[in-house]
Structures are given as C-alpha cells and as structure tokens.
Amino acid sequence: MSKTVMIVDDSASIRQVVSIALKGAGYQVIEACDGQDGLAKVSGQRVHLIISDVNMPKMDGISFVKELKKIPETKFIPVIMLTTESMQAKKQEGQAAGARAWVVKPFQPEQMIAAVSKLIMS
Amino acid sequence: MNLDEALQTFIEESSDLLTQMEEALILSEQSEEISEIVNVLFRAAHTIKGSAGLFGFDHIVSFTHVVESLLDRVRTAELELTSDLIALLMYSRDHIADLLEDMTPEPGNVSDELREKGDRLVEQLKCHLGSDESMPTKPNEDTSVAPNRTNCDQRPVRSENWHISLRFAPDILKNGMEPFSFLRYLSTYGDIDHVCTVPDAIPSEEKMDPEISYLGYELSFKSRAERSAIDSTFDFIRDGSQIRLIPPHADISEYIELITILPESNERVAESIRKCGSLTQEECRTALSEIQRVSAADRTQVSRSDIEASPPAPKSNPSERNATTVAKNGENRFIRVDSVKLDRLIDLIGELIIAGASTSMVARKIGVAELRESTSILSRLVEEVRNTALNLRMVQIGTIFNRFQRVVRDVSQELGKDIELIVEGAETELDKTVVERIADPLMHLVRNAIDHGIEPFELRRDRGKPDKGTVRLGAYHESGSIVIEVEDDGGGLDRDVILAKAVEKGLVSEGQSMSDHEVFNLVFEAGFSTAKEVSNLSGRGVGMDVVRRNIVDLRGSVELSSRLGEGTSVKIRLPLTLAIIDGFLVGIGNATYVLPLDMVVECIELAAWNQEVGDDKRYLNLRGEVMPYLRLHEHFGISGKIGKQRNVVVLNYAGEKFGLVVEKLMGEFQTVIKPMGKMLEKVQGISGFTILGGGDVALVLDVPGLMRQIVLEHEREEDTVH
C-alpha cells in the first residue's frame, strides 16, 4: 500500500509541484493550505508524513507541529518543515516543537523526494 | 514531470502576492501599526521566492532573496521602514512583476535591460542591508569532521568500506523518525556490507519505554560517494544523535577515537566494529592497546575537544523568538477556477433556463395542475441556481479600486501634487468581466481627475481649499445596476470653454440653448478631445469618447456633472452581469422582443387621453409629464398583420424616461442574452437575442441605444426645420 503524505503550504503552486513530484514517486498526497486546515485533514486518516511550510496565515507551521504533538494519533508522524536560510530562529523554534526534518526553500522536487524517502519507506 | 499547470498556478499566485505587496506598501505609508503589514510583505516575497525556485527561475529567486532578506531585517526591527525604503521596495516589487511577465513567454531568458535594472536595484537594496548580507549559504556544511590526532603515526586500516557508527537520539521515535528508513536510504549511495546492532543501552524490562530508541548500530558501508552525500542522509536526525563516518582506509587513530567516545565499553565497541568487518582482529587489538596506553598516561585528557566535535547544540535565541507571526485576519479560503469553466456553467444554466421555460409553457398548455405545480417548483429552483451561478462570477470591485492607490500615488508625485484617494464601497460586487473591462475607462477617469481636475496647490490655496486634493472612488448598488463614481474636489469644468470648443468642433451650433448638464456631457462626444489636451498622463491616446464607448459596450451609461471651482463628478452606471437578465417580453405582430426588466417602470394603454402632445406629436402625456416615445413597429419597419391594440412600456434609463409603443405585453421572462453574430452586431437598437421557450428567437432591445436614436432623430428633424 502506498504511503500518504500531507503537504501543508499556503502557496498553491508549491503544493501542486510537491504533489506532482510525490505522486510521481508513488505516494498518495493530501493538500492543506495552512495549519488549521492541516489539523482538520490529518484526523481520521492515516498520514505517514507531513510536509509543512513555516510561514502561513491562520496557523503557522510551528504551532501546527505543536498541536500535532499533543494528539496521540498524530504525535509520531514525521514532519518535514520548509524553511529558508533567513529563518534560523524559526528553525530552532520548530525543533523545539518537535520538527526535525527541514528542506530549504527554494528546493528542487528531487530534493523533496529524497527527504521524504529518508523518513518513510515507500 | 508536467509542471505546466503548476506553472500557471505559480504565475497567478505570484501576481496575487504582488498585488498584496503593493497594497501593503501603500498601507505602510499611511498607518502607524506596521508589524502585520511587514509580515504580509515578507510572506509574499518569501512565497514567491520559494515557488520560483521550485520552477528553476533562479533569477527571480536571487532577486527576491535580497528583497526578502531586507524585509526580514525590517521584521525583526533591525531596519526601519522609511519612505525611501518603501519606494525602493515598490520598485523591487515592480521588478519582480516584470521578471514574471518576462518569463511568461519564454522562461529563463531575461532581457539585458531587465537584468541591468535588477542589478541596480540589488545594489540599492544591499545598501540598506549593509555589507554582511550575501547569497544563501550552502546548507551542507560538514559538521562531523573528525579532528586529526597528531600523536599517532599514519596507520591506514585495511577496510575499503566506510564505517558508520550510529547512536540515535533517544527521542528519535517521538519525533516521528524511523531509524530503519535512514538505513534504507543509505543504499541510495552504496551497499551496506554488514550491520552490527549495539543493544547495550536497553534497560531492564520494567524500565523500558517503548517510545524511546535504545539501539545503536555499527555499519560497514561500501560506497564511492562523497562524505557530504553520505552524511546528508542523517541530516534530519543529527540533533541529539551521535553519527560518525570513517572513510575507507582511514587512519586507525580515527577508530581509536570512535572507540573512546562511544558510551559502551571499549571492548564491546571494538568487538562490534570488528564484527561488521571494518577492523581486522589485528587492528582491533592495536587500537585497544593504544587506548589503554593513552588513558593510563593521560586519563584526565579524554579529549574534551572530541566531544565538542559532535554537532553544536542548538543555540537558543529568545530575542528572535519574539518575532512571531500574526495570522492575517479575514483571509478566506478560495478555490481557483478557470473562468472558462464558469462561463461554461453559466452557458449551461442559460440553456437550462430556456429549457425550463419551454417546459413550463408546455405544462400550461396541457393544463394538468400537478405538472404545472412541479414545473413551477422547478423554475424556482432553476432561478436560484442561476443566481448562485451568477454570484460565482461576482468579484469585489475593490480588486481594481486598490490598483488606483498606486496610480494616484505615482502620478501625483510625478505632478508634484498632494492627492489622497478615498475609496468607498470597495466590497460592492459585480461581474468579473465587467470589472475587467471597466478598469481601463476608470483608470482614464482617475488620471483625468488628477491631471486636469485637481489644481496646483497654489491655486487651491487661493481658492481657499485644503492643500491636499481629494479624489473619491465610490461604488454602490442601485436598482439592479452598479454605480461607480469618480469625484474630485478640483477646478471643475468651465461651461463656456467647453461650449466654445464644441462650437468650434461643430458638435453644437452657436446660440443653441443647452443646460449645464448637456454641455458638460459634450466631453464624451467623439471628436471633442483634442491632441492639445492629451498629456502623457491622462492622454494615452484614449479620449473621453472611448471611455463612454467602453461603458456603453457593457450596457452601461456615463454622465458627468461639475461645478466650476468646486469639482467634477463622473457617474458610471453598469449592469451587474452581462450574461443573464430578467427580461420583459413584448410583441408586435409575430415578432417578440425582450426588454431588460429593471428598466421597465410601468405599462399603460395608449389611449386617447395620453395621445401625442406637442406640435410634432413626438411626446406622450404621462399624467401631465411630457415623455418622448418611439413606435417600435415604425422604427423597425415591421410590416404584416398588427393588431389594433397599442400599449406603452415606460422605460427608465439613467434617470430619463421614455415610452416604447408595442402591441402586446407578454410579461416577465428570465433570459440569457446571446450576442449577435459578427454580421449583425453593429445593428443599432439591438443588444443581442435570446431563445424563447417555444424555440422562437426574440431580439433583446438595447434601451440606451434606442434612446440615443430618438434624440438623434429629433435633432435631425429639428435641423431640417431650422
């Protein structure tokens, strides 16, 4: 059975590209546009990995990870955060919240696939 | 991978973000509380950069990166958002827009001009940034370089494999990391020859926590990959974990160091390394005896420096942590739909309405009460569906109003005028097509107001007005139309000047008596605008007559009122939507016509008491009111059998009433306007056609057009009389 990855980003184009890349690599993809949306969509289904942007409206990536860690069903889901070089402080905050994996924007779709396959076995 | 569709999303998304940036920049000039505004700016630049990188638009990434870095400094209050900086950011925003525009036809090919402009902007941006800002640093810095020991001679080991020693952080599982998937990923770079599990850390059963990782691994790994590549496998689990790589044929000192550092007893570690084949029995013994010798000699110096060679602990930085992001309020969730799909839906609903009407007609004819009842429920639902569908096309006019903030800002700066744009009713909704097509005429009117309307401030002072001029853009709904007003508190129009020019141009004859209103609206006449007036600002090759034509094409109207010395106001009236109207059916003989219902005021019988008044019988007496009228069958030259009965439909358009004489009144009819074909689209007085329930074609009458024709005819007759 193929694994399910959720991409949480407020940029539709990033979601689309990541989604195309992941589907191409054999994953199922769920898209969410911010932390709130992500929380709503992660419940009730098996999500194996979450890719989340940091800077998002409504609920940012850090709060999103904190929330995920509070829920027994979702606390073990690995999270890849999308970040940029200029966000060192955010990165530490994210690590404190429990997100250990990071992909630096701008990234190539292949880098994303590599990051995902480090974390979950397809 | 087909990214075309995603690219389209990227372009649309970026242009939205650029609009947000523009609005935020303008807002930042006016408001005190800018932290959320800066966040919006940062987020926009950040997202554009991120997405552009995904598509490989490196030139956009590198430019946006500088903008983003600068905004980040502003966000953390290291830089102040001065008006200079705002202006620079505005130019940068425009440059990003240009880059996106440039990319649209042929990606990656930046024109020299753009590149030069970009370089200049980057230079300026960097002035603000200071010197320490550079391009993104390389993420993969080798953090696990083992320091060379100098007290050992070079003694390379025999193993031609990498040796990898892993002690994962205890909380790795809690962070959602699966140790095995990293081991599996390693095989991207080579083959794992042997793995030796180190279970020493597992506590007794009752103390064991299933959520904690206790296992360590020693691996012999056959690979030709670079150290950085192999090392990158463990990027995500580096924190809190001990990960060590020893290259093939490394000096034995590296192994000695590894054995010393690892938490298990030296013998256990050496045994594991031997088991996985990285060290031979002989090398193992050498290493262990070496360790004993060193520790005996200098036990206290169990090199602190080696421990520090493991990745540095994250430095917490509480001051930067305060740079929290505030979620932007009022941000809704939207779905992007190709407008072609929407048009198709509306088209289909149009067909549905026609089909529904025909069903109702059949039901009425058959006369079965139940059928009639169910068709009436059906038509009600269809009407609701229609309204909902039309609503889908409705956008807030604010989307174009906000563009004008920028125009007003730029143009008034250029002219050295201080002008404020007040926007009212930005939330008023109307059809997207109408919004798009009204943008240019509005732009012209706004530019006109700034350029010709608002006086230089010396003159304003003399007239006792505030230095700052005001241009007001307003929109509101009024009886089935939307009204857009462009108002300025400038000099107003001079009746005499306009009249003189109109006479000169032959638009009116000298001595003709005209109301102020009529005079002012002469500016919309073709041929009124002269080259002399066309400045590079408001001119742009479009005269006021083009403005009016554009508006009339949208089935709208425009009128101007003005008071000398006090200001000018232009009022545009537009239908809410173009596709579907509530119509009113009238008939003459066999022909059926549709009138827009919102223009119908009342219907009366053409009887003796309201017969023509005036010498030339061109007016009707409507309860004492004189009203021009038109006999439709005469106007269209309809021959054939026409009944005796005559009715007058009183129409109101833009505050003027006029009567249309027809034979039959057939009631309300919801209808879809279909445009006339190319050959017939120039026919005056007709704006389209529709298909009736029975399959007949009915022409949709263009009321404003008919009104204009009446006026023209009257004028022509008057001319022949004079």
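Cβ from N, Cα, C; glycine included.
According to TrEMBL, the feature compositional bias 'Polar residues' maps to B:142-153 (among others).
Marked as compositional bias 'Polar residues' by TrEMBL: B:316-327 (among others).
Residues or ranges marked as domain 'HPt' by TrEMBL: B:1-103.
Summarising the annotation, TrEMBL assigns domain 'Histidine kinase' to B:378-578.
Residue counts for the domain 'CheW-like' (B:580-712) by DSSP state, with H, G and I taken as helix and E and B as strand, are 21 helix, 69 strand, 43 coil. Positions annotated as domain 'CheW-like' by TrEMBL: B:580-712.
Taken from TrEMBL, the feature phosphohistidine applies to B:H46. All protein chains included, B:H46 (phosphohistidine) registers 27 other Cβ atoms within 10 Å of its own Cβ. In three-state terms derived from DSSP, B:H46 (phosphohistidine) belongs to a helical segment.
The annotation region 'Disordered' is assigned in TrEMBL to B:128-154 (among others).
Among the features that TrEMBL reports, region 'Disordered' is placed at B:295-327 (among others).
Break the domain 'HPt' (B:1-103) down by DSSP state and the numbers are 86 helix, 0 strand, 17 coil.
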